[in-house]
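Asks: Right, I'll just put the structure down here and ask away after.
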Amino acid sequence: MPKCSNTQMPKSPNAQMPKSSNAQALISPKAPAQKSRPKHASTQAQMPKLPKAPRPAPPPPAHPGPARARAAPRQAGARAPPGAGRAGPRALNGGGGGGGAASRLRGRSVSAGRAMAAGGRGGFRALALGVSFLKCLLIPAYYSTDFEVHRNWLAITHNLPLSQWYYEATSEWTLDYPPFFAWFEYALSHVAKYFDPKMLVIENLNYTSHATIFFQRFSVIFTDIVFIYAVYECCRCVNGKRAAKDILEKPTFILAVLLLWNFGLLIVDHIHFQYNGFLFGLMLLSVARLCQKRYLEGALLFAVLLHFKHIYMYVAPAYGIYLLRSYCFTANNADGSLKWRSFSFLHVTLLGLIVCLVSALSLGPFIVLGQLPQVISRLFPFKRGLCHAYWAPNFWALYNAMDKALTIFGLKCNFLDHTKIPKASMTGGLVQEFQHTVLPSVTPLATLICTFISILPSVFCLWFKPQGPRGFLQCLVLCALSSFMFGWHVHEKAILLAILPLSLLSVQRAKDAGIYLILTTTGHFSLFPLLFTPPELPIKILLMLLFTVYSFSSLKSLFRRERPLLNWLETIYLVQLVPLEIFCEIVFPLTPWKQHFPFVPLLLTSVYCALGVTYAWLKLYISVLTERISVKQKAE
């Protein structure tokens with residue numbers, strides 16, 4: 001019997017979102033290959049032994065000459081050429097008793113694959129429609145002062161000329177986003193006038209109506225179409241070859257859920273109120289284009305994004321180094337090192353033109369008006385202080401807590417004079433500049449230096465240890481986390497800038513999945529103080545539980561053949577978030593401490609979550625710095 005150990009049926013399409021032919025998969029170098037023996041591997045070899053059933057004569061071929069020539073060796077009983085036993089297209093189209101059966105099997109396999117692929121696309125559409133329906137249900141929920149911020153920006157851009165946009169100060173919520181976002185508000189205002197013209201009156205501070213609420217809520221839901229499309233494109237870039245019996249266990253499906261149903265994005269945009277989904281959509285779409293080696297499109301999208309919201313400057317080093325390494329230098333040496341002679345002046349020129357044209361389109365009118373310094377002063381308000389009203393869970397939260405603890409200890413031991421200690425508390429919601437009592441006070445320049453130093457190692461790894469799109473994503477996440485850890489006046493919502501791109505890595509490697517679970521759980525829990533009204537308490541707890549349980553169960557199932565995603569110490573840390581929430585929401589309000597120390601729940605939440613975020617940042621950095629890259633991977 002002919003040997004069929006290498007016999008293999010043709011691959012049928014996966015049941016995931018369809019892959020782009022030019023998309024480069026984010027493949028982990030250490031991911032084990034899944035081997036499985038084809039079910040019908042020896043079909044062609046075994047078919048001649050079966051009893052031959054009478055069958056009608058086949059119709060004459062359209063081109064009898066070549067057909068007879070191809071069939072002659074089989075009819076003469078000659079030995080099949082090497083590879084004829086393979087279940088490839090040529091073998092399946094050959095003659096003999098088994099050829100027809102193999103062809104039928106191949107047709108059934110292709111049909112089943114197409115059905116599974118259609119099911120994958122249908123699954124993605126169901127996820128997108130389901131989360132959109134949930135967003136509609138959240139329209140009557142609580143909204144923050146950001147609702148009034150964006151209403152005021154609608155009024156400013158609708159009523160005032162361009163020259164007054166960044167000078168108007170009737171409301172305390174002045175326009176402090178880049179010009180592209182101001183034009184975005186201008187476009188929305190021309191739709192808003194058909195819902196309620198009174199919302200466009202600048203003097204109507206804190207104005208609300210049912211039409212205003214519906215319009216602003218629905219504008220966020222509608223612009224999330226960009227985010228949904230970006231998630232779809234990212235799913236096409238992810239390696240989906242990991243074996244799975246069910247579509248629900250496919251990496252692409254898991255990634256779609258982790259992004260579309262992200263808990264933090266849901267509560268920040270559709271309860272607290274912001275337009276982060278639209279902006280993150282632009283970022284993820286630029287990431288997808290870079291993974292697909294469509295470098296100019298990715299660069300254009302990111303340049304546009306920077307002029308929508310300047311917080312994305314934190315991840316600009318990752319984009320700049322990756323484009324320089326992968327696009328401006330077009331080849332590597334055999335050992336993976338950079339081939340300096342491959343530098344393309346044309347590619348650098350094209351990237352420079354994109355940056356200059358987008359910047360000119362955004363800032364050009366204000367440069368002509370001589371208002372660029374005023375715009376920059378609005379975009380970078382350093383007088384707001386080191387920390388936001390609620391401490392973001394970063395290094396400065398730990399720094400402030402240490403200063404508080406040392407102050408209390410100094411007063412107890414009479415080391416400090418209480419008359420010289422400022423009464424204003426940084427935990428009381430103040431956002432202006434303040435001085436630390438014991439530790440040295442922090443300046444904007446100090447935070448800039450700390451951020452720059454913390455980003456450098458990730459940038460060096462991206463240059464000297466290139467891993468393609470995977471290395472780019474690692475650097476992007478580390479840049480986002482480093483800026484979150486050490487930036488000036490960081491908002492707690494900025495943790496999403498690291499969580500969302502880390503989702504793409506979490507479905508590729510178990511080590512990244514463990515880091516993702518730690519960062520996501522602590523980062524999302526740190527957003528709880530944003531929703532402090534009683535009606536929203538069950539909503540945020542239920543949504544957090546659903547997303548967290550799915551994240552743990554799906555990633556655990558995806559990497560069930562590998563080591564546990566979390567060790568016992570990490571598990572204990574995450575479990576302790578439950579009693580912390582019970583104390584902050586139920587126990588503390590019933591104690592007399594609430595009258596004298598109202599900031600304690602915020603302080604505990606911020607400091608405890610800062611420990612987890614710091615740990616995830618260090619663990620990811622250690623993983624990137626110690627990861628060994630083969631010469632072959634460098635060359636690729």
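Placement of Cβ uses the backbone N, Cα and C atoms for every residue, glycine included.
So TrEMBL says this about it:
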- 1-25: compositional bias 'Polar residues' (COMPBIAS)
- 51-64: compositional bias 'Pro residues' (COMPBIAS)
- 65-92: compositional bias 'Low complexity' (COMPBIAS)
- 1-105: region 'Disordered' (REGION)
- 124-143: transmembrane segment (TRANSMEM)
- 213-232: transmembrane segment (TRANSMEM)
- 252-268: transmembrane segment (TRANSMEM)
- 298-324: transmembrane segment (TRANSMEM)
- 344-369: transmembrane segment (TRANSMEM)
- 445-465: transmembrane segment (TRANSMEM)
- 471-490: transmembrane segment (TRANSMEM)
- 538-559: transmembrane segment (TRANSMEM)
- 571-591: transmembrane segment (TRANSMEM)
- 597-618: transmembrane segment (TRANSMEM)
Asks: Given a Cβ distance threshold of under 8 angstroms, which distant residues of the chain, six or more beyond its ends, lie next to the transmembrane segment (471-490)?
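Replies: Distant Cβ neighbours of the transmembrane segment (471-490) are 26, 287, 290-291, 314-319, 321-322, 326, 381-382, 384-388, 392, 394-396, 431, 444, 447-448, 450-451, 454-455, 457-459, 461-462, 465, 497-498, 501-502, 504-505, 519, 613-614, 616-617, 620-621, 624.
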Asks: What parts of the chain pack near the transmembrane segment (597-618), using Cβ distances under 8 Å and only residues at least 6 beyond its ends?
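Replies: For the transmembrane segment (597-618), the far contacts come to 390-395, 397-398, 401, 404, 425, 427-428, 478, 481-482, 484-485, 495, 515, 518-519, 521-523, 525-526, 528-529, 570, 573-574, 576-577, 580, 583-585, 588.
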Asks: For the transmembrane segment (124-143), could you work out the same-chain residues 6 or more beyond its ends whose Cβ comes under 8 Å from its Cβ atoms?
Replies: 17, 213-214, 217-218, 220-221, 224, 228, 232, 235, 253, 256-257, 260-261, 266, 270-273, 531, 533, 535-536, 539
Asks: I need to check the long-range neighbours of the transmembrane segment (252-268): which residues 6 or more away from its ends have a CB within less than 8 Å of a CB in the stretch?
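Replies: Result: 14, 16-17, 120, 123-124, 127-128, 131, 134-135, 138, 227-228, 231-232, 234-236, 238, 240, 274, 276-277, 280, 284, 493, 495-496, 499-500, 503-504, 506-507, 523-524, 527, 530-531, 540, 543-544, 546-548, 550-551, 554-555, 558.
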Asks: So if I exclude everything within five residues of the ends of the transmembrane segment (445-465), which remaining residues of that chain have a CB under 8 angstroms from its CBs? That is, six or more out.
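Replies: Beyond its ends, the transmembrane segment (445-465) has Cβ neighbours at 314, 317-318, 321-322, 325, 386, 395-396, 471-472, 474-475, 478-479, 482-483, 485-488, 621, 624-625, 627, 629, 634.
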Asks: How about long-range neighbours of the transmembrane segment (538-559): same chain, 6 or more residues beyond its ends, C-beta under 8 Å?
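Replies: Contacts of the transmembrane segment (538-559) (Cβ under 8 Å, skipping residues fewer than 6 from its ends): 138, 141, 242, 248-249, 251, 254, 257-258, 261-263, 266-267, 271, 506-507, 510, 513, 516-517, 520-521, 524-525, 528, 531, 565, 581.
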